[in-house]
Amino acid sequence: MKRVLVATGGGDCPGLNAVIRAIVYRASIEKDWEVLGSIQSFDGILKDETEVKVLDKDAVRGIHYRGGTIIGTTTKGGPFAWPVKKEDGSYEFEDRSDYMMDKLKELGVEAVISIGGDGSQRISQKLYEKGMNIIGVPKTIDNDLKATDFTFGFQTAVEVATDAVDKLNTTAASHNRILILEVMGRDAGWIALNSALAGGAEVCIIPEIPYDINKVVERIRRRYDKDGRGFANIVIAEGAKPLGGSALAEEYGEIGNENLKLSGAADRLARELKAAGITADIRTTVLGHIQRGGIPCAFDRNLATSFGVKAFEMVLEKQYGQMVAYRNFEVISVPLEEAIGSQKLVEPDSQMIHTAKGVGIAFGD
Ligand code: F6P
């Protein structure tokens with residue numbers, strides 16, 4: 001029996017289970033392959049007591065529409081920065097990659113499929129350079145990887161955010177309020193832009209277009225005075241920054257890597273609007289991890305399934321050091337080296353921004 005190890009790393013994302021299921025189903029066609037899942041990302045291998053799970057068809061049947069990942073994940077540590085507690089209670093980080101390579105040999109693992117975001121794929125590249133037979137599968141709700149047109153999880157996040165805009169619309173209208181919705185995306189504005197457009201928000205603030213608060217105020221006043229509508233919906237990305245200022249994550253530490261994470265872009269904007277003389281009631285909603293949990297939409301399930309099948313076929317073809325990607329309606333493979341570190345941000349002069357402005361959405365520019 002040949003063995004392939006699957007790990008899910010970084011933040012979870014709707015569609016992870018669909019990838020796992022697809023790998024297992026595709027592998028089962030080959031008869032001589034067994035799929036192992038490493039529990040809690042690579043921790044299952046890196047820990048002194050190995051924690052892996054045999055993933056057969058029974059183990060993955062029906063999981064394609066379940067959120068999260070059945071093998072768990074973590075955003076901390078990894079083979080090159082394994083946390084070791086010192087006597088004084090603090091941590092030092094050690095390189096456990098050799099240990100990992102030995103452990104995989106012991107387990108008879110021929111190849112590894114690492115499903116994860118940019119950080120996980122950087123690790124994949126380093127492991128590949130060390131000689132590991134590894135293949136990457138990209139995932140992030142942020143959709144900010146240049147190598148692929150879409151990542152699974154993104155459309156689901158946009159659906160959740162759009163649903164929130166729709167709901168906020170009716171309550172904003174009833175109370176004549178300004179409602180500000182903060183969405184995820186790290187330093188990319190894809191979720192904000194797509195949900196603001198789909199939900200028909202009045203203002204959309206994204207990191208790629210630093211906002212001038214006076215311009216936002218102008219749009220709100222026009223909405224009240226000229227358009228005669230006594231309410232407004234604003235969608236703001238968590239990484240938004242005012243002109244000349246910085247995103248709150250830049251000020252208070254990197255998003256997503258702390259035990260405690262507080263958002264703040266929506267609250268900051270609310271305060272700025274008040275300070276600029278807006279008298280209407282303002283309320284903020286931070287959508288948070290609701291965007292990441294729960295059932296993946298059909299597009300994400302299908303994209304994830306295509307990624308899983310392709311990833312296993314890349315193992316069969318020994319296309320190591322490559323990552324699965326989706327480009328121009330095709331699932332392809334690209335070198336990991338090319339894929340990592342190339343972030344796809346919203347272009348301020350793109351068609352989509354043009355469309356949004358065409359239906360009256362203001363960006364504060
Ligand atoms: O990258 C995905 C993402 O959900 C970002 O949109 C968000 O900034 C971050 O992860 C949150 O990370 P955590 O779950 O660690 O708070």
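Heads up, the Cβ atoms here are built off N, Cα and C, so glycines get one too.
Values in this document were obtained by computation on a predicted structure and should not be read as measured data.
Copied over from TrEMBL, here are the features:
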- D142: active site, proton acceptor (ACT_SITE)
- G11, K76, G77, G117, D118, G119, S120: ATP binding site (BINDING)
- D118: Mg(2+) binding site (BINDING)
- T140, I141, D142, R177, M184, G185, R186, E238, R283, H289, I290, Q291, R292: substrate binding site (BINDING)
- 3-315: domain 'Phosphofructokinase' (DOMAIN)
- G119: site 'Important for substrate specificity' (SITE)
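Shown on the structure are the features that TrEMBL records.
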{"residue": "K76", "record": "ATP binding site", "Cβ neighbours (10 Å)": "14"}
{"residue": "G117", "record": "ATP binding site", "Cβ neighbours (10 Å)": "24"}
{"residue": "D118", "record": "ATP binding site", "Cβ neighbours (10 Å)": "19"}
{"residue": "S120", "record": "ATP binding site", "Cβ neighbours (10 Å)": "26"}
{"residue": "T140", "record": "substrate binding site", "Cβ neighbours (10 Å)": "27"}
{"residue": "M184", "record": "substrate binding site", "Cβ neighbours (10 Å)": "28"}
{"residue": "R186", "record": "substrate binding site", "Cβ neighbours (10 Å)": "24"}
{"residue": "R283", "record": "substrate binding site", "Cβ neighbours (10 Å)": "15"}
{"residue": "I290", "record": "substrate binding site", "Cβ neighbours (10 Å)": "15"}
{"residue": "R292", "record": "substrate binding site", "Cβ neighbours (10 Å)": "20"}
Recorded positions whose CB lies under 6 angstroms from ligand 1, from G77, S120, D142, R186, R283, I290: D142, R186
Secondary structure at R283 (substrate binding site), reduced by DSSP to three states: strand
Cα-nearest neighbour of I290 (substrate binding site) within the listed binding-site residues, G11, D118, G119: G11
Binding-site residues compared (G11, G119) - the one with the fewest other Cβ atoms within 10 Å: G119
Pairwise CA distance, G119 (ATP binding site) versus T140 (substrate binding site), rounded so that it is a whole Å: 11
Candidates K76, G77, D142 (recorded positions) - the one closest to R186 (substrate binding site) by CA: D142
Cα-Cα distance, maximum over G11, K76, G77, G117, D118, G119, S120, record's ATP binders, Å: 15
Recorded substrate site residues T140, I141, D142, R177, M184, G185, R186, E238, R283, H289, I290, Q291, R292, farthest C-alpha pair in Å: 33
Reported mean pLDDT - the domain 'Phosphofructokinase' (3-315): 93
Within 10 angstroms of G11 (ATP binding site), Cα basis - recorded positions out of D142, M184, R283, R292: R292
In sequence order, the binding-site residues (K76, G117, S120) whose C-alpha falls within 10 A of T140 (substrate binding site): G117
Lowest local Cβ density among G77, D142, which the record lists as recorded positions, within 10 Å: G77
